[in-house]
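S.K.: For reference, the structure I am asking about is given below.
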Amino acid sequence: MLALCLFIDPIRSRWLCWNQIFYDSFEEPFNGRWIVSDKDDYKGIWEHSKSEGHDDYGLLVTEKARKYAIVKELEEPVNLRDGTTVLQYEARFQNGLECGGAYLKYLRPQEAGWKPKEFDNGSPYSIMFGPDICGLTNKVHFILKQKNPKSGEYVEHHLIDPPRVPSDKLSHVYTAILKPDNEISILIDGEVKKKGNFLSAQDFDPPITPAKTIPDPNEKKPEDWDDRVRIPDPNAVKPDDWDENAPMEIEDMEAVKPEGWLDDESEEIDDPEATKPEDWDDEEDGVWEAPKIDNPKCQTAPGCGEWKRPMKRNPAFKGIWNPPLVDNPNYKGIWKPRDIPNPNYFELDKPYFDPIAAIGIEIWTMQEGILFDNILIAKDENVAESYRDTTWKPKFVVEKEKQKAEEEAAGSDDLGGFQKTVFDVLYKFADIPFLSKYKLQILDFIEKAEKQPNLTIGVLVSIVVVILTAIFMLIFSGKKQPRVEKKTEAAADTSNDQGSSGEKPAEEEKEEEKENETGGAAPRQRRRDT
């Protein structure tokens, strides 16, 4: 089925489509149509500007490290519960994006308590949709804010595992399709990146339909409830020969001062070649002292200065004694409150969408050059596809060809298209379910390689190691796992069962770590190092 659209402006590639509720190409200046917030925090300046390399206009973020807020009221509120609804817009990070948002907020009617001139991050919205990058955050948000009909409170429901934001400076089009059967689809550049169901607990956090039961918030753990799996042995007695005061180290009485040790020489001497600066003023600058240098006589000698016996581990050292741990005869298990019916539970056949009456952009960003364009609300996904094909795709093709030419001109130092292909494959690997435990680690490797193309081979090796580790763990995961109580027991043994239990005191472990770090090889002996 094709969308019914009329080509009304061949010069600016403007279309008029049926089933289109709202569309702004920004070919005309936004002043008078979009309202900039007067709130003091929002100092960022919006501009009506051409997209770099095109004659196509958009709404531009002009300054870095600023907050921006602008809003456009719709002629009539849009009912999201009525049939299919498509939300779509373009965003381009012309100078890249390291920390900032480029998402849209679809606002509730003003009766909910907001005014265009006072638009800010507290203005009530129904849906928030679009890219957000900063630190470990890299996602295309989809957040539904829904009112609980029992409690009357509005709750943000976040799409779980949303797609990542493309990491380049090209124009990209973001599409959210809300269907009457509760299906939600997120597309980037026309390709489905995420599908979910509004009523599935696996797709939204917290679930849009709340749990039937909840832990009783008024129930408290009984005072006599003992949830310690292991306890210190009450019958254990410290051995008579256990000396808690014995030092960890003692002087090595068998050590002998090395032959040739220079007792009368200092390790450092005044630099004989240094001279007092001509402009040095003793009254203002103080008494001038020559800088120190290593004593050349000590370079060939085993050491200089006063010799002292080195320290060695005290064989009598045992540390603080602690009784060994034994099973707790009064252990009752891990306490948790009983479940009770959730007073705020309700059932829905579809989400309770508040109508949207305005579109707002309210962001904080550390990068300038973010361009918004071709914002669309439609009731037919074919309309959105028509706009992608006619407004976004021609620009993207030009930008892609330019990027390819620049990569080829850069030569072998930049892996170019091959590198992009590799990264695309690696991103798909990161989404494999059995690698979910290592997803953040894999994505971190990929992001580093994208910023430094010469690291690509090393990143490939690192990710292969991670994947092989995951496969190995998967193969052997069928082995019998220790009970949770045993894990707790082991943790308790490690922290409490010192001394007679055979565990090494923390001081000894640190000492061994120091020895391991040096690889057993001591540096040139000086003073007490012999």
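Each residue, glycine too, has its Cβ placed from N, Cα and C.
Under the heading disulfide bond, TrEMBL lists Cys99-Cys134. Here TrEMBL flags 199-245, 257-283, 288-307, 483-530 as region 'Disordered'. The feature compositional bias 'Basic and acidic residues' is assigned by TrEMBL to 217-231. Look at TrEMBL and you will find 261-272, 506-515 tagged as compositional bias 'Acidic residues'. Look at TrEMBL and you will find 455-476 tagged as transmembrane segment.
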S.K.: Please list residues from the chain of Cys134 (disulfide bond) whose Cβ is under 8 angstroms from its Cβ, counting only those at least six apart in sequence.
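M.R.: Non-local contacts for Cys134 (disulfide bond): Glu98, Cys99, Gly100, Gly101, Met366.
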S.K.: Could you tell me what the rest of the chain brings near the region 'Disordered' (257-283), counting residues at least six beyond its ends with Cβ under 8 Å?
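M.R.: Contacts with the region 'Disordered' (257-283): 289-295, 297-298, 301-307, 525-527, 530.
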S.K.: Is it possible to list how many residues within the compositional bias 'Basic and acidic residues' (217-231) are helical, extended or coil according to DSSP?
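M.R.: Within the compositional bias 'Basic and acidic residues' (217-231) the tally stands at 0 helix, 2 strand, 13 coil.
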S.K.: Count the residues of the compositional bias 'Acidic residues' (261-272) that DSSP assigns to helix (H, G, I), to strand (E, B) and to coil, and report the three numbers in that order.
M.R.: 0 helix, 4 strand, 8 coil
S.K.: Quick one: DSSP breakdown of the region 'Disordered' (288-307) into helix, strand and coil?
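M.R.: Helix, strand and coil residues of the region 'Disordered' (288-307) number 4 helix, 4 strand, 12 coil.
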